[in-house]
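Record features (TrEMBL):
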type	residues	note
DOMAIN	55-179	domain 'Phosphoribosyltransferase'
REGION	197-222	region 'Disordered'
């Protein structure tokens, strides 16, 4: 699908077909969700879908996780008319911070940090990241917000995989994602039918000799 094209029929999640498969090998994430941000209508519809569960929720601040959560989080903050707080990978802020250790989707041990002069008791924070795979990164962000006295009003991401960490987040916090029920299985097996439209540039994570799933694009599935 043309990254800039806008279909006449914009059903919930139509923009998921814009996401591109990994073509660079196992040290990268299994897909690139950010391709949909290039399409102005896709980004707008994604934000609308993510905010549906929070229409009656008090949100004082939106916090996005380094780095791709900055894009989606900023778009959500702008839509809500709220401020945006960057939760950074450690070592980037030139001020005093609170740090939290975590393991990312590749099981690498890392540190996350946030400034000390914004979060406080009584502040309701919506946490945003691009994708939740193992849940380790988001759980660290939750810990930082709560350790500084603020309240996690909810968690939003394009997709939340049904990993142990993903299920823990869904069970313990109001969460929002863009994946229709009928597509969750594709997300969880980390192989989208829409990848077929990329032809020979399919996912580099796919084992040699395995064919792509049959069933057409996500657009037709929706």
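Heads up, the Cβ atoms here are built off N, Cα and C, so glycines get one too.
Each residue of the domain 'Phosphoribosyltransferase' (55-179) gets a DSSP state, and the totals for helix, strand and coil are 33 helix, 43 strand, 49 coil. Restricting the average to the domain 'Phosphoribosyltransferase' (55-179) gives a pLDDT of 97.
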